[in-house]
Amino acid sequence: MQELDAGQVRRILHEALGLWAQHANVNFREVYSSEADIQVLFARKYHGDGYNFDGKGKILAHAFYPGTGIGGDAHFDADESWLLNEPLDAEGTRLFDVAVHEFGHSLGLGHSSQQDAIMFPWHHISYRGKDTIPEDDRLGIQSIYGPRKKIYGVNPERHTPTTTTTTTTTTPSPPPRPTTRPYYPVKNTTGHPWEGLHPHGRPYTRPTTTTTTTTERSYGRDRDEDEDHYPHRHHTSTTRTTVTRHRPHHRPHHPTTATTTTTTTTRRPYHRRPVVALHPNPCNTSFDAITMIRNELFIFKDRWLWRMNENDLHRPNPFEIHRMFFGLPVDFERIDTVYENKHQKIIFFIGKQYYVFNSQYLEPGYPRPLTDLGLPDSIERIDAALVWSHNNRTYLYSGRLYWRFDEDTNRVELDYPRDMSMWKGIGYNIDAAFQYRDGKTYFFKGLGYWRFNDMRMRIAHEYQKSSAARWMKCHHQSQVDANDGSASSEPPIVHQPSIGTSRAASYRTGDSWRWLQLLLLLLPAVTFSFRFNAYA
């Protein structure tokens, strides 16, 4: 394993984070704290997160979306031949290019289908030393943290009273010089608890006025209270009380003129996202939807999703759906079904409406009612949707009926619906359906699934198999498996770390491991910090 210069590594990581900071309302700083939101690790093979590296080549790194535990961390394979400041034609892998991609995942970005994008899944283009980034990356990071802003002066207070009485007093004496530094509370403008917070100013306070402000500062990341595989990073909040005071002063009395103005204002309603319960137990849950998107497997349950990439790598805990797909209603409780069509649009069904996404972003003009697709108004929801590789046509399932959908006309075909009994052995009111990368069709209901024989148009095995064992790599067998007399002939899916190909940084010097930890503080312009620790 090569020896890396600590100073150069730190400078390159600062530079990679700085590229994102140039285009979004986010800053980074190095801190000496184990509570850093982003911890960077250089390691080889087994390194404690359950997702071993494979030696030189193939997997270069892996990173996790923002969240608790190892959420936000980025890990790099120490067996790679990392290039720090060598010429572009040198043999090896440029650390900057991999780091800037992986930090994109750490900040909440998924993969892009644009081949020139930083977040394109295959390492190919260097953006080191450039002031601009591809539009797809820029729009993505700004949708989470907002555009980079330069703020001058003081903004008005966030909370405006319905009726305000202002008394203006004219006096020849200048106001006294303030003796305390102004305090700027923070404001979350994005609706996402882990996204950027923006400065919000305080107006000038007269010397005869005492103002007390109590602000609970959020450090920008959801803190799940259930963490099965990793220790808690305890959430801490700070309540600060600031009192504006002025030194005693004396001035001569002068006649004054007072005017009173009454202003009535209407405050825009503030919508707060409802509190979300703890994520579901992956080893004891049904699936609301399961589908392949960009050759990655997505599993949805309530407001959460698990994601597995083309190497069957996945993160141990789910993340909230709204962190990846921007534009879904803030109060939705579950996804009915979702699929990717032949135009690479992602279609979500929620209740009597459907949503069309281009990558992570909702297309203009959506949502629309199911009746726009030619479905009857009596349909309350779509249970499942899949593109069936047997004929490359799209099918929609609801209750006892199913429809074949024409992607070109955007309407269901005229000789439908038909009865679900055509799909022998599946029954009615299924939970989910999809076609996996192995070309097989799967139907889900409750805690189990059936593999479907497309040629014989019937289930391939009489009894359901455990969804948790097959898709979540849970070792225990659920009750649904106990009825199956034969062992599954399907190889289990092996999960390793997912969420992009990069992770937290540490590198080795002699026999000691060094951790480079980054902290993303969601302050005025989300701020990062670094720390170096040496462990034997």
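Note: Cβ is positioned from N, Cα and C throughout, glycine not excepted.
The Cβ neighbour count for Asp73 (Ca(2+) 2 binding site), using a 10 Å radius over every protein chain in view, is 29. Annotation comment: TrEMBL describes Asp37, Gly71, Asp73 as Ca(2+) 2 binding site.
Cβ neighbours of Asp77 (Ca(2+) 3 binding site) (same chain, under 8 Å, six or more residues apart in sequence): Phe42, Ala43, Arg44, Phe53, Asp54, Gly55, Lys56, Ile59, Leu60, Ala61. Residues or ranges marked as Ca(2+) 3 binding site by TrEMBL: Asp54, Gly55, Asp77, Glu80.
Here the domain 'Peptidase metallopeptidase' (2-147) has, by DSSP, the following mix of helix, strand and coil residues: 39 helix, 20 strand, 87 coil. What TrEMBL records for 2-147 is domain 'Peptidase metallopeptidase'.
Non-local neighbourhood of Tyr366 (phosphotyrosine): Gly327, Tyr354, Tyr355, Val356, each in the same chain, at least six residues away, with C-beta under 8 Å from its C-beta. The phosphotyrosine annotation in TrEMBL covers Tyr366.
The region 'Disordered' annotation in TrEMBL covers 151-267.
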Among the binding-site residues Gly55, Gly71, which residue has the largest number of other Cβ atoms within 10 Å of its own Cβ? Gly71
Return the residues near Glu80 (Ca(2+) 3 binding site) by Cβ distance under 8 Å, restricted to its own chain and a separation of at least 6 in sequence. Lys56, Gly57, Leu60, Gly92, Thr93
List, in sequence order, the residues of the same chain other than Asp54, Gly55, Asp77, Glu80 whose Cβ lies within 8 Å of the centroid of the Cβ atoms of the recorded Ca(2+) 3 site. Arg44, Lys45, Phe53, Lys56, Gly57, Lys58, Ile59, Leu60, Ala78, Asp79
Go through Asp37, Asp54, the listed binding-site residues, and name the one with the sparsest Cβ surroundings, counting other Cβ atoms within 10 Å. Asp54
Predicted model, mean pLDDT over the domain 'Peptidase metallopeptidase' (2-147): 86
